[in-house]
Amino acid sequence: MLRIITERTEAEAELRRIRDRTSTDQIVHKEATVREVLQRVKAQGDRAVLHYTAEFDQQNLTPEELRVSGSEMDAAYQQVSKELLNAILLAKEQVEAFHRQRVPKSWVQFKEDEVVLGKRYRPVDKAGIYVPGGRAAYPSTVLMNAIPAKVAGVSRIVMVTPPGADKAISPAVLVAAQEAGITEIYRVGGAQAIAALAFGTETIPKVDVITGPGNIYVTLAKKLVYGTVGIDSLAGPSEVLVIADKSANPVHIAADLLAQAEHDPMASAILLTTDSTLAHKVQAEVELQLVDHPRRTLTEKAIAHYGLIVFVESLAIAAELSNEFAPEHLELEVEDPWSTLDLIRHAGAIFLGHSTPEAVGDYLAGPNHTLPTSGAARYASALGVETFMKHSSLIQYSATALHKVAGAIDVLANAEGLPSHADSVRLRVSRRESGQDGNPKSST
Ligand SMILES: NC(=O)c1ccc[n+]([C@@H]2O[C@H](COP(=O)([O-])OP(=O)(O)OC[C@H]3O[C@@H](n4cnc5c(N)ncnc54)[C@H](O)[C@@H]3O)[C@@H](O)[C@H]2O)c1
Ligand SMILES: N[C@H](CO)Cc1c[nH]c[nH+]1
Ligand SMILES: [Zn+2]
């Protein structure tokens with residue numbers, strides 16, 4: 001049952017506990033498992049990947065079975081309905097249109113013909129995208145990761161996703177992958193998949209950046225391989241925080257809370273409301289909607305451990321609590337969402353008004369659904385085209401421009417005790433002044 005809290009200090013403590021649920025003491029033993037998986041895959045390659053796939057996914061694969069074959073990819077089209085294919089195509093179109101607007105542009109700036117400065121964007125060479133598959137199959141996540149990588153111009157995109165029963169990958173996932181232009185897919189999940197992409201194995205290539213959401217094992221693994229490879233952000237167990245006033249519909253709010261809770265027993269679902277009647281109605285409605293819920297056991301776990309309703313005195317207080325939490329998804333179920341928006345500083349994605357359930361963003365609105373969780377929205381953003389790109393700074397100085405700044409560089413280099421830095425400028429400037437090569441100070 002969703003608890004209702006009315007006292008602010010208690011609410012703040014509970015919200016902190018929920019936000020930090022992926023970095024508590026209970027997670028330490030999971031981190032030890034993940035470290036072991038990473039080390040073994042790094043040392044033993046495919047052998048370790050197959051070992052952990054047998055242990056954690058209960059699937060015994062041969063090395064040849066790791067890669068999804070062309071015939072399995074083709075066959076997937078026969079196994080999805082026309083409606084599902086059309087929905088995938090609509091989502092693809094909208095997600096692609098949104099991400100095309102977000103391609104970072106290279107630029108150069110000329111300052112009086114003496115100095116040229118700029119930034120030059122290029123895609124990474126190889127990207128690895130993780131598509132979760134433990135408790136649900138996510139064709140939507142395929143699109144959300146593959147499309148920005150394609151738009152960025154990444155030439156090799158490798159997808160990993162855990163094998164289900166009989167080693168199978170969901171046909172919907174395989175169709176979404178092909179529609180997004182992905183043909184290299186490996187059936188491996190969890191920390192072992194992240195390790196394979198970070199270090200490379202005999203079969204699975206090492207990549208430059210790994211993106212995609214996942215459960216606690218995937219998220220811990222991404223955190224630990226950061227530096228060996230780039231990552232998008234820590235997109236762990238899903239979260240929704242709803243701010244609602246008396247104008248909200250309790251049936252809709254209950255459904256929205258359950259929509260995130262049903263992802264994972266570690267998912268979180270929070271309502272902050274200025275209306276105590278609404279608080280009680282939502283509490284009762286959640287129970288009702290859980291009665292025949294096909295994912296009742298795991299959803300109830302999430303609700304019991306990481307679900308909460310807080311009665312607050314004003315929307316301003318709700319916004320303060322929300323900013324402290326920095327949720328993955330924030331719904332503003334209030335009369336005037338745009339003025340409440342002014343109070344919000346941190347959230348992965350913000351859904352405004354009564355007819356914008358978070359599921360619209362999960363599937364096809366266009367913005368990415370791979371979002372920072374566990375408070376990471378304080379400093380991180382949604383996955384995007386830029387996640388698959390990096391920029392080089394461009395700097396060109398004319399001889400005249402160099403002459404103008406030579407003195408300042410000399411002073412700074414000497415202050416840092418780095419004489420060759422000073423020489424590298426002085427020699428060019430003195431050469432220009434004397435019309436010949438200068439010599440390093442040290443050899444004169
Ligand atoms: N933040 C986002 O953008 C976003 C988007 C979609 C989904 N999600 C989240 O992704 C997650 C998907 O989780 P999932 O579990 O369904 O799939 P998953 O693919 O992330 O995890 C399944 C893998 O976990 C590993 N695993 C399971 N139990 C293990 C154990 N005891 N020890 C070691 N490894 C183990 C297995 O190898 C398995 O392949 C959910 O938490 C969901 O909320 C987040
Ligand atoms: N809500 C998830 C992100 O936390 C994304 C998703 C995919 N499918 C359904 N939902
Ligand atoms: Zn969702």
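Sequential numbering from 1, following the chain as shown.
Just so it is clear, glycine is given a Cβ too, placed from its N, Cα and C backbone atoms.
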TrEMBL has Gln260, His263, His329, Asp362, Glu416, His421 down as binding substrate; which of Ser238, Ser392, Ser393 does it also list for that site? Ser238
For His421 (substrate binding site), which residues in the same chain are close in space, meaning a Cβ under 8 Å from its Cβ, but six or more apart along the sequence? Ile409, Ala413
What whole-number Å value do you get for the CA-CA distance of Glu416 (substrate binding site) and Asn215 (NAD(+) binding site)? 46
Quick one: which of the recorded positions (Tyr130, Gln260, His329, Asp362, Glu416, His421) have their CB closer than 6 Å to ligand 1? none
Cα distance, His263 (substrate binding site) to Gln192 (NAD(+) binding site), nearest Å? 21
Using C-alpha atoms, which one of the binding-site residues Tyr130, Asn215, Ser238, Gln260, His263 comes nearest to Glu328 (active site, proton acceptor)? Ser238
Residue among recorded positions Glu328, Glu416 with least C-beta crowding, 10 angstrom cut-off: Glu416
